[in-house]
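According to TrEMBL, the transmembrane segment annotation covers 112-140, 146-167, 179-197, 209-231, 279-301, 328-349, 377-396, 402-424, 436-459.
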Amino acid sequence: MGTKVASANADPYLLTADGIKEPPTGWAGSLRYLGPGLIVSASIVGSGELIATTALGAKVGFVLLWMVVLSTAVKVAVQAELARWTILTGKPALTGFNEVPPKIGRIGWINVLWILMALSKFLQIGGIVGGTASALSMLIPVGGEPLSATSLGVWTVIVVAGSIALLYSNSYNLIERGAFALVVVFSIATVVIALGLPFTPFSYGSDDVLSGLTFTIPAGAIGAAVAMFGITGVGADEITFYTYWCVEKGYARWVGPNDGSPEWKARARGWIRVMYKDVFVSWIIYTVGTLAFFIMGAAVLNPQGLVLEGNGMITTLSQMYTDVIGEWAAIGFLIGATAVLGSTLWASIPSWSRMYTNVLATLGVLDWNNPVAREKWVRGCIVVLPILWGATYLSISSPVVMVQIGGVATGIFLPAVVIATWYLRKTQVDPELHGGRWFNLVLLVSSIAITLLGIYSLLNVFGVEIG
């Protein structure tokens, strides 16, 4: 996790013999080469865990605990398979998506769907901006009450401007280390509190946990469950932007250009194994965190009938901590909420900036293989996107609904990611470098589950009820 990326001046998207590095073996040797998954975890922890998962726990109690585990586990194989293709080719996801036929002019149909998803994400990430601004506004109100329009407006501007200033350098090492720090601090605190709940008036026991493993969805909770499936764990956007971080960490460059030699295949297998470890570690991080948030919502908010709504979301969430620890904990929670929501912004801004730049390159706006032009456009997006997300929040001011809408859109886009992953696997990945039998079985099951969920989400949007 502390290793330098490829080379200080090397373009990680350009594969040359000079960039080749032999892969480490075992966990001890691999740890310093992990990192892309930490950025993914940072993105997930704020939007999926703190807001969507806690909201679902508050709404339905423990009965959907199984959905938390399923939604985080089922998409990992697709994430790893798409990353395998990236490591072997040096190409990021949206470049590959654009190669999946048919095309509409220069752009592939999957990238058209990506653009539509990206528009809905203005709501989701706008909700994250708003949640962060709300937490800071409650800590230090400006010009009025904590959740007044004036205070929220001022803090939204500060959040947007601060994010741009911190991330404008576009340094991979800075992004990775910042993500690691943000994820560790709040996840540890949240897990400790969740584990301590049985010793408080809001205790839960084995019966509660078992009731959440019955694989049923109660009436009225289908929409929230679908949103949670789309947004918790790796969503379509995280699966997509994970490929960019795999390249920028150096995995593809260290494998080197494909010369078809046994040595190249051996290096490829080695760095793919490192990627597997990276995916696994990040999965552990966000799954444990997601379970903790869900349990807190189910054990503390649900019995009191507290629901996450509008700008009062942060007040309601802080109730979890004040009820368990005491009033003094509200300040600690607000600081923690700022960290966890800020972690999503920290990861989302540079990730979405890369994806927007890449999709513009597929439209012919710039040459993706020109590192100077690419850097210019990525930095431009780092400035523009937070401003647009902040403006979206100020126009709507309902973080929970905004995040859940983005989750549904992500669930609908997931089947397209699955189709692209299988197409690229079939057409551009040497069968000798496919995963083993068990991995391929899990990939197939994951793909089917994701596709069925996406179809269900789409039908639900158009009012078609099933079951």
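Note: Cβ is positioned from N, Cα and C throughout, glycine not excepted.
What you see is a predicted model, and the numbers here were worked out from it, not measured in a lab.
Away from its own ends, the transmembrane segment (179-197) comes close to residues 1, 35, 38-39, 41-42, 45, 203-204, 285, 288-289, 291-293, 295-296, 299-300, 320-321, 324-325, 332, 336, 339-340, 342-343, 346-347 of its chain (Cβ-Cβ under 8 Å, at least six residues beyond either end). Taking pairs at least six residues apart, the transmembrane segment (112-140) and the transmembrane segment (436-459) share fewer than three Cβ pairs below 8 Å and do not count as touching.
Same-chain residues lying 6+ beyond the ends of the transmembrane segment (146-167) with a Cβ under 8 Å from its Cβ atoms: 129-130, 132-134, 136-138, 174-175, 178, 311-312, 315, 342, 345-346, 349-350, 382-383, 386-387, 389-390, 393-394, 397.
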